[in-house]
Amino acid sequence: MSQLKQLLAQHNVKVPEDFLEKIAQYKALLEKWNKVHNLTGAKTLQQIDQFILDAVIPVTFLPSVTKAMDIGTGAGFPGMILAIALPQTHFTLVEPLSKRASFLQFVKADLGLSNVDVKALRVEQLSSEPYDLITSRAVTDTEMLLKLSKPFCSEGTLLLFYKGEKVYDEIDETLDYTIIEAENRHYLLIKR
C-alpha cells in the first residue's frame with residue numbers, strides 16, 4: 001500500500017484519513033472477484049494502483065459537488081474510487097454488465113459506502129435528472145459521451161471524461177473546456 005501512498009503524495013492528492021484502508025479492502029475484493037469474473041484488464045497490484053491513481057487525480061482540481069454520476073463504471077474506475085475519496089459527494093454508478101454491477105454493489109456494502117448507488121442499466125435507461133458532475137472513462141468517444149450525458153446536465157454541470165491523447169481530435173472547439181494532463185492521461189473537463 002505504501003506505493004499508492006507515495007504516488008498520491010507525488011501528485012498532491014488529498015484524500016480522507018480512511019481512504020487507504022478502504023482502498024486496501026477494495027483491492028482485496030477486486031483481486032478475488034477478478035480471478036473468477038474478469039472485471040478489469042489490470043492484473044497486478046501495481047497496475048491496479050495506477051488505475052486508482054488515475055481515477056483520483058481529479059480531486060486535485062475538481063470543485064466540491066453534491067451529486068455525481070459515473071457512466072460505465074466497470075470495476076470501479078473512476079466512480080467507486082472517487083466515491084471513496086469524496087465521501088461528501090453522492091455517486092450514482094451506472095454499469096450495464098451484471099457481473100460488474102454486482103461487484104460494485106458488493107463493494108458498496110462491504111465498505112459501508114452510504115454515498116453510492118449502483119444502477120445495473122445502460123445510461124439511456126435512467127430517468128432524466130440533473131447532476132453536478134458526470135464522469136466517464138474508457139466508454140466511448142467524446143461526441144457520444146456528450147449525447148449520453150445531455151439528459152443529466154443542467155446549467156453548471158461539469159463533465160469529466162478520462163481520455164487519451166486522441167482527445168484533441170475529438171474535441172469541439174465551441175465547447176467550454178479545459179484539458180488537464182497528468183501521467184499518461186488527459187482529463188477533459190467540460191462546463192455546461
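Every residue gets a Cβ built from N, Cα and C, even glycine.
According to TrEMBL, the features are:
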- Gly72, Phe77, Val123, Glu124, Arg137: S-adenosyl-L-methionine binding site (BINDING)
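TrEMBL feature annotations superimposed on the structure.
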residue	record	Cβ neighbours (10 Å)
Gly72	S-adenosyl-L-methionine binding site	22
Phe77	S-adenosyl-L-methionine binding site	24
Val123	S-adenosyl-L-methionine binding site	22
Glu124	S-adenosyl-L-methionine binding site	10
Arg137	S-adenosyl-L-methionine binding site	21
*asked:* Taking DSSP as the reference, which of helix, strand or coil describes Val123 (S-adenosyl-L-methionine binding site)?
replied: helix
